[in-house]
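A short worksheet on the structure shown next.
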Amino acid sequence: MDQQKVNLLNYNYSQLRELLIAWDEKPFRAQQLFQWIHQVGIRDFAQMTNLGKVLRNKLSQLACIDLPEIVACQKSADGTHKWLLKLECGNCIETVFIPEANRGTLCVSSQVGCALNCSFCSTAKQGFNRNLSTAEIIGQVWLAARELSDNNGTHDKKITNVVMMGMGEPLLNFDNVVSAMNIMMDDLAYGLSKRRVTLSTSGVLPEMERLREVSPVALAVSLHAPTDELRNELVPINKKYPLSQLISLCKRYFKDEPRRKVTFEYVMLKGVNDQPEHASQLIKLLHNVPAKVNLIPFNPFPLTQYQRSSRETIDAFRDKLMKHGINTITRKTRGDDIDAACGQLAGEVKDKTSRSQRWQKLHFMSKTDKSTELTISSEEIA
């Protein structure tokens, strides 16, 4: 990218309006430009015919619409798409699209790698490099919309849902993720409703509180264990933010919208967290929580120590939760033949750091930059 030019994908509508005013342009031009970029899917300013030649020339001199580069695309036997996207820094991230009869869900990454080191997740094994910019996050949506369009041009409505469940912990890239989600929900851009944009977090409590105040999106929590002892092993951030604090926040997260529920994701690991006593502990943990539970069959990756629970074990676990009034769904595994399923996204991370260094890096970034700190079925985000 030309360092002298501004990447317009980093701007939401109000920011774009302010930018054009600063460039001595009429404010209404922002709506036209915003729609050209996100609704129509045009990058070439010369093709934005209603902007006027003078403005088009100015945009060519001052601005750009830079995107990650698609370096590989795989399509699963079940129709799932996975794109490997190369960033300007040379790192790669992955984005996944899951088609279903009445909707299409895009799984979007928020970081290059991940710092949280969940033991059952392939992304964690890649180390952590950096946060994605707003442009790199919304660029995944832009590219997927283009690739999925019938004529490989005008953006259509094949993407009906977006889940921030790709590589990284979204809440450790708070400002950029919220900015990108706001663009997703803008009627002048992608027009997704608040119930069709879901953020999945491992439980970064201060940022969960912030998110609750500033964004109406759906919330999913990567729970995966019913006790602190087990969750400390599977999801190490639990040592900092234990279950008692996490569940307390989840109980009141949608207090002003009593019909909305927090989704709890629970990967089923053979002999680890899938026994009847674990189900009983989970029932007790979620008592009086407005919750639904997604049971996720574990998706293996190279050198993992874990195995997937049997179908019979998963069904028995689900039935026990349902018997006690907890709405529970077993997630259908999609894209596992191309390593696009939940927990399998890895990308390609350069300059990988150790676990302790990752935390130090995030801690430093959070002090200096406010912006620091998979597959899914149709029933899960309705």
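Glycine too: its Cβ is placed from the backbone N, Cα and C atoms.
Residues or ranges marked as active site, proton acceptor in Swiss-Prot (evidence: sequence analysis): E94.
The domain 'Radical SAM core' annotation in Swiss-Prot covers 100-336 and rests on sequence analysis.
According to its DSSP assignment, C107 (disulfide bond) is in a strand. Look at Swiss-Prot and you will find C107-C342 tagged as disulfide bond, backed by sequence analysis.
The 10 Å shell around the Cβ of C121 ([4Fe-4S] cluster binding site) contains 26 further Cβ atoms across the protein chains shown. Among the features that Swiss-Prot reports, [4Fe-4S] cluster binding site is placed at C114, C118, C121, with the record citing sequence analysis.
Sequence annotations record features per position, and here Swiss-Prot assigns S-adenosyl-L-methionine binding site to G168, E169, S200, S222, L223, H224, N299. Take the CB of E169 (S-adenosyl-L-methionine binding site) and look out to 10 A: across all protein chains shown you find 28 other CB atoms.
Residues or ranges marked as active site, S-methylcysteine intermediate by Swiss-Prot on the basis of sequence analysis: C342.
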Mean of pLDDT values spanning the domain 'Radical SAM core' (100-336): 94
Cα separation, E94 (active site, proton acceptor) to C107 (disulfide bond) (Å, whole number): 9
E169 (S-adenosyl-L-methionine binding site) versus recorded positions E94, C114, C118, C121 - nearest by Cα: C114
Site of maximum Cβ density within 10 Å, from recorded positions E94, C118: E94
All-chain count of other Cβ atoms within 10 Å of S200 (S-adenosyl-L-methionine binding site): 23
